[in-house]
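Here is what Swiss-Prot records for this protein:
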{"type": "BINDING", "residues": "16, 17, 18, 19, 20, 21, 22, 23", "note": "GTP binding site"}
């Protein structure tokens with residue numbers, strides 16, 4: 001990899017409400033992609049570094065490739081209005097590993113209006129879960145309608161919460177206007193290949209820029 005590309009790894013923002021599966025998604029992506037790509041992660045929590053520790057304990061990556069940021073306030077602010085702490089963490093990772101391909105940036109749990117600053121993220125993934133109800137896609141918001149890739153997680157819970165996957169599929173197609181998305185069950189790996197293929201495609205685009 002050229003020195004120029006080494007200084008500009010692809011940055012992937014991962015947002016979504018609390019408990020939707022953002023950390024679980026990053027864990028699976030890291031485990032499946034780390035043999036082909038040089039990866040690192042920045043996690044955001046308000047008062048702790050819980051998500052960082054979860055990923056370390058799960059051996060998603062080596063511990064020094066995962067940095068936890070304590071935002072100390074609204075998680076939306078740290079990924080949109082004032083991204084300085086996240087940019088410092090990214091800079092630290094790039095200085096430490098000069099051949100990084102992809103950095104995943106996990107936002108703190110937030111609502112459907114949360115979006116990443118273009119300064120912080122090249123591509124945005126957004127995670128919602130079936131347990132929140134089948135009405136979530138039609139509620140809209142930037143995470144649903146504008147994210148580069150939408151993940152509807154925990155499809156195995158649909159039968160237990162009375163959610164219709166057919167309704168969610170119809171509403172998602174309507175709200176996203178042909179933007180890519182997928183159903184997932186991160187416990188079994190169902191749907192994850194669609195996410196990985198999307199990232200591989202975008203990485204090829206970034207390499208040409």
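One-based numbering along the chain as shown.
Backbone N, Cα and C define each Cβ position, glycine as well.
On the structure: features taken from Swiss-Prot.
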{"residue": "16", "record": "GTP binding site", "Cβ within 10 Å": "26"}
{"residue": "17", "record": "GTP binding site", "Cβ within 10 Å": "19"}
{"residue": "18", "record": "GTP binding site", "Cβ within 10 Å": "10"}
{"residue": "19", "record": "GTP binding site", "Cβ within 10 Å": "15"}
{"residue": "20", "record": "GTP binding site", "Cβ within 10 Å": "25"}
{"residue": "21", "record": "GTP binding site", "Cβ within 10 Å": "24"}
{"residue": "22", "record": "GTP binding site", "Cβ within 10 Å": "26"}
{"residue": "23", "record": "GTP binding site", "Cβ within 10 Å": "23"}
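A helical conformation is recorded for residue 23 (GTP binding site) in the three-state DSSP classification. Other than 16, 17, 18, 19, 20, 21, 22, 23, the residues of this chain whose Cβ falls within 8 Å of the Cβ centroid of the GTP site are, in sequence order, 109, 127, 129, 153. Secondary structure from DSSP puts residue 17 (GTP binding site) in coil.
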